[in-house]
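Chemist: Below: one structure in C-alpha cells.
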Amino acid sequence: MGILSGNCKCSYTLGLVGLSVCGFLLSLYTSYVELRAEHDHTYQAMCDISERISCTKVFTSRYGRGFGIVGPLLGDDSILNVPNGFYGIFYYFLVAAFSFSNHLVISRLNSYLILLSNCLSLYLAYLLYFVLEDMCIVCVTTYAVNLISLILALQKIQVLIRDEQVMRAFKIDKAK
C-alpha cells in the first residue's frame, strides 16, 4: 500500500509542478505582452488572431492590472496594481513549492490556494466573455491549468488522508 500510494503522490506532485511551470510560463508571456504593448502601441502579440480573439486587448484593459480590483480600491499608482501576470508568476512558484510537500496540512493549504485561483479564473472568464466580449487563448489556457491543478491537488489530498488512516490503523494494530 505504501509503495503504491508513494507512486501516486509522486505522480500528483509531478503533475502539479508541471502545470505550475506551464502557468508560470503563461504568466511570463502575459506580463511581457502587456508591458511591450504599453510601450509600443503597434506591437501585435502572437496570440492576437483577430479583432475578437486578442490577448493584448484583454491584458491592456483595466482588468489586466490588479484584476480590475486593486486600482479602484487602492489607486492606480498602488504598488499592488501590477499586471495580472506578475501575480501569476508568484502564485505558480508558490503552488510548485507547496506541491513538493507530502504533509497533509501543506497540501490542504495548496488546494485552498488553487481553489482561490479557480474562483478568480471564473471572475476573469466572466469579464472576458461578458464585459470585454473577447476571446483570449492565453487566458483560457490558464483557466484550464488552474482547473486541472485543482483536480490533482484534491486527488493528492485523498491519497495523503488514506495513507494517514492506514498508518493509524497499523499503529493501533501493532499496539495490540
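In case you wondered, yes, glycine gets a Cβ from its N, Cα and C as well.
Unlike curated entries, TrEMBL annotations are predicted automatically.
What TrEMBL shows for this protein is this:
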type	residues	note
DOMAIN	9-157	domain 'Vitamin K epoxide reductase'
TRANSMEM	12-32	transmembrane segment
TRANSMEM	85-105	transmembrane segment
TRANSMEM	112-129	transmembrane segment
TRANSMEM	135-154	transmembrane segment
Chemist: Under an 8 Å Cβ to Cβ limit, what residues of the same chain, 6 or more beyond the ends of the transmembrane segment (112-129), are close to it?
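Modeler: Those are 58, 63, 67-68, 84, 91, 94-95, 98, 135-136, 139-140, 142-143, 146-147, 149-150, 153, in sequence order.
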Chemist: Let's see if you can do this one: DSSP helix, strand and coil counts over the domain 'Vitamin K epoxide reductase' (9-157), in that order.
Modeler: 112 helix, 4 strand, 33 coil
